[in-house]
């Protein structure tokens, strides 16, 4: 067991930023802390780095009691959302900082530091930019320098706070792949904070979903997606359509048509059920939820439709480009039938 | 329009390389008025700064180059110049540290009466210098509050160069504090935290991370305090004792020359002082430029 977080609670004056949070990370694991803003994910990261202290709870790493160690003794590589690079130092000096500040008996020789910097510059693919200053770099390059600087101290854990938050979509996707590769090469236990579910599911070995300072669910991306434990997780991980239904024996009855139910517990009676845009069929004739086509737009490999029921509710559905949905026109009346619904 | 994006050969670009937005020229600005504002600037600076200085430069030559040289190579003048510039330098140096600490306390901590302390810093700006001189003198004279503490130790403050130094420290303090304070206030806390997570001690964080970022502001404050000290007259003459060769500052010597109707001599000393001050500021500006090259390109 590498990182153990147990019963962590942290209050800021009158509101609980974290409430009894516990989880573990395996050695070398890539963990995402996912949640909306204000869910306590950055607070959790700061507690791990030693920049704040929890009110109660325990943080251990390989048997080391982290709460007795100050930030500088934890050897935690932290990449801040603002990158927090040292503006008056070159890229190479930034990366070497963590080695240069060591006490002389632990400090590697000048040549060794030089070699480490070169190796890291190569890793972040900025070999020729060692002499530049942070202000001369693009956002994505700064991000990579911040990562190299954190990696230089050979950290026990790597913590990243919204690592791609400030970058544009294209750079983001590139860096995401690249970060995963760096992680696989270095094998350092990594936690990153994000509010972007796509990023978390795409990148992490496991995802910790936080809501209002509490853990909603921990699981592998697929697990999370296929078996969400709460309505919050379901809604947070993607578009969700909600309809009332009557449940019994794992089947949701909508009056005239029905769909199988996925649920963490056995539910029966009248419930609100949820379904994803792509777990749907569109038919020209009922039974089904009657709706008018409001918009019809391409969304990558799919066709994304917005449908409006006579009561004003808007459904979002997705279908293959070559499905019957592509023959629809605006304001056509269709009947929507979910093929699978979730209930909590 | 220029684009300063130099693609670096050999690097595999993952992200778009350092693109800098083209520098806005006045033609591209939303607000017009470049011609007008530049015209006002130049006219104003000419009237207020350049013309009087030019008149000063024209003044000392009525006894020829020899006359000027004789005036400024007078040992009494040289002694006063040495005194003025060294005490100003020392005072600015002391204020550099004291001012940094004051600015640090005012930006970093909250304590009762902080607003009052903050206002106190500006007092040397606001006080008529003669008032400052008189009160400092009464404080630091051998029978004053502070002076009487030092008198038994054989240290005289008022009526010695030490007194001049005290007066110059007094007038210079706000310059350092007010230059450093805003920069320190805007300093990103995450940068300090980053240094801590990388293993830096608080001292290392201060010396290697915070101070270098403050260097340009410190230098600005230093040069302002120094310039003010060199030109300071009112507060100094009360406390200095004004003994030739010992505690006589150059501005006073200029006044003495004027009272003797030696206008050319006064102007000669003034020109010497002006050139020295100009050289010092030039040096500071060169340093400033060097600092700003680093990282703030």
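Residue numbering: from 1, along the chain as shown.
Glycine is treated like the rest: Cβ placed from N, Cα and C.
The transmembrane segment annotation in TrEMBL covers B:34-58, B:79-105, B:125-146, B:158-177, B:236-256, B:268-291. If you look up TrEMBL, you'll see B:81-284 marked as domain 'ABC transmembrane type-1'.
The stretch in closest packing with the transmembrane segment (B:79-105), judged by the count of Cβ pairs under 8 Å and taken from B:34-58, B:158-177, B:236-256, B:268-291, is B:158-177.
A contact links the transmembrane segment (B:34-58) to the transmembrane segment (B:268-291), because at least 3 Cβ pairs that are 6 or more residues apart lie under 8 A. Of the two recorded stretches, the transmembrane segment (B:125-146) lies close to the transmembrane segment (B:236-256), with three or more CB pairs under 8 Å once pairs fewer than 6 apart in sequence are set aside. Proximity of distant same-chain residues to the transmembrane segment (B:158-177), defined by a Cβ-Cβ separation under 8 Å and at least 6 residues beyond the stretch ends, is recorded for 83, 87-88, 90-92, 94-96, 98-100, 102-103, 106, 121-125, 129, 132-133, 136-137, 140-142, 144, 147, 218, 221-222, 224-226, 228-229, 232, 235-236, 239-241, 243, 246-247, 249.
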